[in-house]
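Marked as Zn(2+) 1 binding site by TrEMBL: CYS532, CYS535, CYS572, CYS575. The Zn(2+) 2 binding site annotation in TrEMBL covers CYS541, CYS544, CYS559, CYS562. What TrEMBL lists as domain 'Helicase ATP-binding' is 302-469. Here TrEMBL flags 567-722 as domain 'Helicase C-terminal'.
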Amino acid sequence: MLEFNEAPGEHRTFFIEVILPLSISRTYTYRVPQSFNQQIEVGKRAVVQFGKSRIYTSIIYSISEKAPSLYEAKYIIDILDDTPIVNEKQIKLWEWIASYYMCTIGEVMQAALPSALKLASETRVILLKDAEYDKADLNDKEFLIIDALEIQPELKVNEIVKLLGQKSVFKLLKSLFDKGIIHISEEVIERYKPRMKSFYRLNPFYQDDANRKALFAVLERSPKQLDAFLAFTKLSRSNPAVLKKEIMEECGCSAAIIKTLVDKEILIQDSIAVSRLPEGDTDIDEHFLLSPKQEVAYEELHTQFTHKEVVLLYGVTSSGKTQLYVRLIEENLKQGKQVLYLLPEIALTTQIVERLKKFFGNAIGIYHSRMGDNERAEVWSKVLKNEYTIILGARSAVFLPFSNLGLIVIDEEHETSYKQQDPAPRYHARDTAIYLAHLHQAKVLLGSATPSLESFYNSKTGKYGFVQLSERYGEAGLPEIQVVSIGDETNKKTIQNNFTSVLIDAIRENLEKKEQVILFQNRRGYTPMSICRTCGYISKCIHCDVSLNYHKSTHQLHCHYCGYKQDILSVCPACGSVHIEPKGFGTEKIEDDLKYIFPDARIARMDLDTTRAKHSFQHILTEFEDQKIDILVGTQIVAKGLDFSHVTLIGVINADSLLNFPDFRAFEKSFQMLSQVGGRAGRRDKAGKVIIQAYDVRHRVIDQVIHHNYEGLFKTEIQERQNFKYPPIYRMIRLDIKHKDQAVLNNASQRFASAIKKDLGSRVLGPEDPMITRIRNLYIKTIYVKIERNGIPVSKVKDYLKTALIGFEADKLNKGTFIQVDVDPY
């Protein structure tokens, strides 16, 4: 195998092992034409044919002179890059993710690379020059295709689809291919296209004084052209390449006038690639002081990092963790290091970027899934070239091509959104970032006011370092928390819609003081179900085993799992009754109720439905920050690290829905959610208040939230995890087995469970029904494997599972059944 820095010889025969962006369990070897010998290098993209006709972008994994023994290697088609776009440490990270999370390295590649850096294999249809055919022998649709190809001899398949107005055209194309009329080819399309801007420079002929005088004499007969040329001449004194927009603004001329100057060969038009990424204001304000408590914590962080690679910073909400992050980032930048700052939610990047830009200017790059494909590719390129020294991003930012990483900050490290669910790889960004730091010999700082039990446990056992900030920054105190009984107010008939009188009075008082309110309800939509009052029929999804949610904005019933929609029922399909009513409430209904109770208030909603558009998060947050919104209603996004100086009241509409969720982490998540959403209230010099509405007002988790007693939560939860064999005391792997036929699934899942129990015994639980037994027309059975920490190595358990999975796939009885593996499914 050649190392990264070795150059292959010109006349030798080389073979490259490549990673393909497919769910296949191995790499494949291709032969290199000698003309490419000087271009091949590990980490570059190679275009290869896989199968009979498909073309893919692969990543060169290794180079050797040894041909594969089991098959004849195909030649590569092309090498796309001058320098590698993936470095050695990234490939090692990909290998670790594939191994640890039990997926393929191709699935990791697919997740890691921005779409714009992958090639699309696109089918072209070409009319053969010497084809002999009689149009009378063609059917109507074949005739249309050939007619179009006679005008334009080459068409893409999607163009033919539009021409005929039908989804599938492959049978027609096969017929024409069999008749020897067309040729079908694969065109490789580079998806990344730089944004180009036109600029103009003077034709060198007119740099001669005599020629220029003659030109002025000619242009005097065309005043608008003369004005445009004079504007160009003035602008070109400072920069010989002048943008079209600059000329038009200088003289007020149209683009057509500039085009005329180009047509007359007076100006020469060219293009330059410009960045799609915002530059912003570069003014830097480096002045801020740490409080005495922060200074102590800062020194403790330094001490901890001398002997720990990972340190947990446990600081109450608004304790000033960000200021400590800034100090540590400054230190790393002075050492010439790169910094990765991870956030759980895209919405948080806007506020944090504005804060960090005050200290670091435009050295910050942003990377997340809401960015366009080409924007992500540009960030990738800038990180590769070390033009961005700080990257602020969501979980996918761990895949960027860092070369000199010194620090990773993982803010709100407890957040479940750091865990990827579907598709594979089902990685956890926090744990992946820790391995990435290990590869770079970098440090990791985990920050949270409500740490995950796993991280807090690791700090207790000495695996991680630990530093605490127990007071809010400045004069701000922790908010007052009041719990209100929904049951009592219902009995007294003082509840209005879903609001207790206590919460209504508090909102009214806040509005009178011109202060802002955040209301939290962890369910979107208007109501979660529609039920017939006569027979109890509930509208369910035709593809999933769930009730349909009513959304008032579309006046339809929606499935939140597969996206299915249907019109609202006016008549019950089971009994014919017209008495159908919505039950429950989501953010949409809360917003509606508020508009009725407070008609003069400015109310907005932040949930998945209102934030689908690219800049919608930013728009809502800016409006709220500028006090153009009085009350913000939202799902869990409003609990995630947002900082608004005028928010003094937080309302939790129903805490029981969190506490009663069937999940071993329900109490931990409830504590985190209630504490975090409460932490948005009363920052800086304003006192804050939190009102929690609940039926079970004496629940121990609510009591722990009131007293900010995280240690108490940890002690009770860790004991239960020990008793019932849950993480972090035990490791866990979940296997979801799926099939469209329930009977086939039941048999297949029993066979697989029996197979792995032979090696793993009582560590295997199930198969059992999950909370939702059918999603997207596939029935599901779940098997859990619980692994003791000081017993059998996890790697050995995974080996047993891999062997069993191979056997399962090879068994014809399991045809159509597939298994999804989720390591650390929490």
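Including glycine, each Cβ sits where the backbone N, Cα and C put it.
Curation does not apply to TrEMBL; its annotations are automatic.
Known features from TrEMBL, placed on the structure.
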residue: CYS532; record: Zn(2+) 1 binding site; DSSP (3 states): strand
residue: CYS541; record: Zn(2+) 2 binding site; DSSP (3 states): coil
residue: CYS559; record: Zn(2+) 2 binding site; DSSP (3 states): coil
residue: CYS572; record: Zn(2+) 1 binding site; DSSP (3 states): coil
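Cα of CYS541 (Zn(2+) 2 binding site) to Cα of CYS572 (Zn(2+) 1 binding site): a distance of 15 Å. You'll find the Cα of CYS575 (Zn(2+) 1 binding site) roughly 23 Å from the Cα of CYS559 (Zn(2+) 2 binding site). It is CYS541 that, of the binding-site residues CYS535, CYS541, has its Cβ surrounded by the most other Cβ atoms within 10 Å.
When Cβ neighbours within 10 Å are tallied across all protein chains shown, the highest count among the binding-site residues CYS559, CYS562 belongs to CYS559.
Close to the recorded Zn(2+) 1 site, the chain also has ARG533, THR534, GLY536, TYR537, PRO573, ALA574, GLY576, SER577, HIS579, ILE580: residues not among CYS532, CYS535, CYS572, CYS575 whose Cβ is within 8 Å of the site's Cβ mean position.
In sequence order, ILE538, CYS572, ALA574, CYS575, SER577, HIS579, ILE580 are the residues of the chain that are 6 or more apart from CYS532 (Zn(2+) 1 binding site) and have a CB within less than 8 Å of its CB.
Those residues of the chain, other than CYS541, CYS544, CYS559, CYS562, with a C-beta within 8 angstroms of the mean position of the Zn(2+) 2 site C-beta atoms are ILE542, HIS543, VAL546, LEU548, HIS560, TYR561, GLY563, TYR564, ILE775, ARG776. Across the fold, the C-alpha of CYS562 (Zn(2+) 2 binding site) and the C-alpha of CYS535 (Zn(2+) 1 binding site) stand 27 Å from each other.
Around CYS544 (Zn(2+) 2 binding site), the C-beta neighbours below 8 angstroms that are at least 6 residues distant in the chain are CYS559, TYR561, CYS562, TYR564, ILE772, ARG774, ILE775, ARG776. Put plainly, the binding-site residues CYS572, CYS575 were compared by Cβ crowding within 10 Å, and the winner is CYS572. Summarised as a single figure, the pLDDT of the domain 'Helicase ATP-binding' (302-469) averages 91.
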